[in-house]
């Protein structure tokens, strides 16, 4: 009997371990293999709270199973009359005080981290020349895409956030239409983008994203925002500081870049006539565009946040955005395009790149 | 009137009329139970559709827009229109018997509460056929709700406003009933725990529903007349909605879970054949949970950006709730400890409830840690957490109590054998569906997504979760089959069906006559029936009064008429923004019907009627044969 019980225990332990191990998820999206100080601290808090809660669960389960096994009527006999106990003050005190102590223990790191993560004073610090010392990104969440403005650098991009490693990156978060929530699971917790106020927080990106499966971390919208809420993804490219500086310089170098309606290239011509009103092709500017900035489109990882990065996907998207992201604000804004024009404009957009 | 109860074989029309006009708490309990089951089945079906959609990545079984309607209606229906009425069903059926009352304090209001709830619920569900259901989540956050096209959100606002009024009325009714209508000797500290939790829950309803009513009203005028309470471009603020909603929404969780605690506190002592351990601390814990339930709403808004101090305060307050909840769990375990446990179907649900609820509780404490919640919030982790609490805590209580109280409510017993099958299939399905979702959340899957891309590490777990949902559906179907089969079984005509009943409701023979106890019982202590039984009292109870005439309320169609008036008015309000010419007249007509019925009710004296001693004796002989309820 005992032997069987032991085997059963071993088996269940193994089963639990297997679930845990297979449950870590993919490195570019899971919170269980975090990168950067914020995500790691949250992960540690997760482990700490799981440890306390596992202790509670095990104690309760053991008591419960023991009480039940001992008290089965099938064992005690049909006529067994238990003693009618009113209660016990000692026990009540014990199971009031012990949980309070456990919760106090959990409350300490909770409170420390709460204040720490909310500390964004460094956002406004300036060096001797009056330049901000920390990198700030203004995030604007829009019906189903993300705009990232770098105010100090004077550049703006969309759908793919580019950040340097190993420094605090500060975020100003706001929504342009309805409430969304900005979340990069592998890097740290989320914060809502409200419609009426700017929320501020910071994240740290612990390692470059180049060796990840797609070369990027995945970002998500975490607040229900309409039919295409599930498709409101963005990606995060993490570069080392030099790589980031190069990227900023390359973005700044696109100043004044535009598409010309007089161009001999049908793609550029079509873009200028049908797309340019909403989509800029210069990375210099501020947030507030109608549609995602496409300056770095060729360097990106997905079309429309979710489709494979190919000309074919882009053509499908331009043909009928509604079939891919229901409720998007692009549908019906650019008139009818012929297949030839769509193909040409897709070529043009795929060619927009600032990386060599 | 009174002779109607004696004659069993009535025509369909007469039976229907009886149910439309009844003010009897037992019949209303049954009506709540069936209405709740209907909406539970609808909302469960919606959940099943969602799980089928999420079974595989990039699925196109339901469209994005439909999925949002399903998730909104699933949440709204389960909380407002399934769990609440099912629990109200048990409160109605059991509480007046538990305190030895003839009926609730305001039988007319009891009926009005039911009909408002039911017609509000019907109104909300008509949205599926009239241009689309609400699609902004059951939380209906303001920016998305105002942006949502069509009438879905209007159905949500008006439907909940009407059914919420019904709930509020019922809550007030139970407070008055429990405070004023207890049998002689039934002091507060002798009340059964289900009566206690009903009292506290009713108090929570009284304080929690007004914020919701206010929020819904502001949303209504925003959508009807562009009042701009929530439109930030016009100086409104959407965060106010979040606060109003959660000031209601968090207590709502306790409104549901406290009666569930109460039901288990009735089931466990009966089948452990042992007095509830630590009764007074159970009562204290109930009150404390009810109080703290109002102090923690902003833990739903940790990521809204309220600031570190607000988050810190609400984090600690939330953790504090774990203490009284823990007290309850330990008291249940100590009730089992040293008892003689008979594993019947209700007890199976109770035994399944304890570990499931503990699991749901500890993940709740994890989410109370605000910095950790930044990761867990709005992910599948929270979906897993609240389903552990709601299914593991509330639904198990409802299913277990159906088996437990079916003999009192219907004079028939649900099949134990089928019940055991239902339990295991449902229970395994439940853990299979939701345990794995904790990990989906930790692996970065946001909630409320209609689909997900493949290769994010979520495919297998979503598939397993969907299999679990199918098992749960099978379990529910078995329960419904059980109910249908039982309807054809033989009546029990007995007292104390489970043999170890402790509180007053078991002292009465089934079928329970429409006037309940023919004489008001005298309560000599906690667990009054158990006391009498073990003192060798063969009559069930000692009675506090000689057999005499019983004063009962008359049936009335007015509650239904009033509710229909509100139902009609809601259509006027709904279509007014479309510029329909008939909208305002319909609104006025509906309100006129309601006000007219109220005037009739106020002007007409309705003093009820008396059941005379001869009729009581005749009824008792008809129900139980010679000798009556002894």
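Using N, Cα and C of the backbone, Cβ positions are placed for all residues, glycine too.
Bear in mind that TrEMBL entries carry predicted annotations, made automatically and left uncurated.
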Per TrEMBL, which of A:45-69, A:120-144 is transmembrane segment?
A:45-69
Candidate ranges A:90-112, A:159-181; TrEMBL annotation transmembrane segment resolves to A:90-112
Helix, strand and coil counts within the domain 'Cytochrome c' (A:262-353) (DSSP):
37 helix, 5 strand, 50 coil
According to DSSP, how is the domain 'Cytochrome oxidase subunit II copper A binding' (A:132-250) divided among helix, strand and coil residues?
15 helix, 60 strand, 44 coil
